[in-house]
Amino acid sequence: MINFANFYTLISQDTILQPWLNTLPQQLTDWQNAEHGDIERWTKALKKIPEGCADNIDLKTSVTLSNNTPLADGQRKKLENLLQAFHPWRKGPFTVHDIHIDTEWRSDWKWDRLLPHITPLKNRSVLDVGCGNGYHMWRMLGEEARLCVGIDPSHLFLIQFEAIRKLMGNDQRAHLLPLGIEQLPELNAFDTVFSMGVLYHRRSPLDHLIQLKNQLVAGGELVLETLVIDGDENAVLMPVDRYAQMRNVYFFPSARALKVWLESVGFVDVKIVDECVTTTGEQRSTEWMKHNSLPEYLDPNDSTKTIEGHPAPKRAILIAKKPD
Ligand SMILES: C[S@@+](CC[C@H](N)C(=O)[O-])C[C@H]1O[C@@H](n2cnc3c(N)ncnc32)[C@H](O)[C@@H]1O
């Protein structure tokens, strides 16, 4: 069972986040009381992950931890088997005690694309909406963020995050809560809010942008990353059925349309800082994610299209500010 007590203590001492205690404990108790498929098996494996403070931790250029004296082969194999129990590993990569968790996504490539454009994270409090297993939160700590709070409704991602956190010596600067954005009150509390790979999963994208704005302090920064299409301010795709085999997908605007959407809900200084087509180098199957991946989702005769005939995945990063 995941224990959120440390997080409650932390926010009880933070005047801006303290009001969250009015709703959060009940939501997380409800979550704990609900059935969660494989969570018992995962929790058992999580308990066996050794809690350690690694001698060397790099979060600045990767997420890597090691000891000065490497683990014995048997110990390393045991740890590798435990980590494999949390298959599929989608976001990463992580290197722990010479075990390279080669994840489906090169999430570090996304980080490298956005980092030059954002306000430096040093001493900032950050909310990462749809944080996956928390890979980017570790990179935010590498940039000296003061506090990183991630929310993501996926149970497996929470377990993967807790496994890495245990290996990191139970670092309390990053926390992942199994919540959706719609469950958050208007906290107006974070210096930077990230929403990456979430907007196209939201039925009502403008409401999503408003919810993100409501989590920021005045003058705070939004980092928004999502799938886009080519086109002008009016271009939006709403796939009738699946997109690259994904269900639960709704709106894919052009980057220019997204800029207009952000401005229409009150963001200012909106900038499109990056647009790029997702390659099969960035998203693919690996030993740690054995299911199908992007190569299988593209038209085998025309890689500019998905197998459903939509434009192949292209992603944009936009930066926007909540007015002072
Ligand atoms: C494509 S992944 C992106 C993960 C990570 N942000 C990244 O960029 O690599 C989208 C994530 O959004 C999460 N998600 C889906 N609906 C959500 C919601 N309502 N609130 C918060 N997260 C959500 C999913 O569980 C998933 O982990």
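Every residue, even glycine, has its Cβ placed from backbone N, Cα and C.
Whatever TrEMBL says is automated annotation, not expert-curated.
Between the candidates GLY74, GLY130, GLY169, GLY219, TrEMBL assigns the carboxy-S-adenosyl-L-methionine site shared with LYS91, TRP105, LYS110, ASP152, PRO153, SER154, ILE181, GLU182, MET196, TYR200, ARG315 to GLY130. Taking LYS91, SER154, TYR200 as the candidate binding-site residues, the subset whose CB lies under 6 angstroms from any atom of ligand 1 consists of LYS91, SER154. Cβ environment of LYS91 (carboxy-S-adenosyl-L-methionine binding site): THR103, GLU104, TRP105, SER107, GLY132, ASN133, GLY134, TYR135, HIS136, PHE157 lie under 8 Å away, each six or more residues apart in the same chain. LYS110 (carboxy-S-adenosyl-L-methionine binding site) is surrounded by 23 other CB atoms, counting those within 10 A of its CB over all protein chains shown. Whole-number maximum of the Cα to Cα distances across the carboxy-S-adenosyl-L-methionine-binding residues LYS91, TRP105, LYS110, GLY130, ASP152, PRO153, SER154, ILE181, GLU182, MET196, TYR200, ARG315: 26 angstrom. Within its own chain, GLU182 (carboxy-S-adenosyl-L-methionine binding site) has GLN211 as residues 6 or more apart in sequence whose C-beta sits under 8 angstroms from its own.
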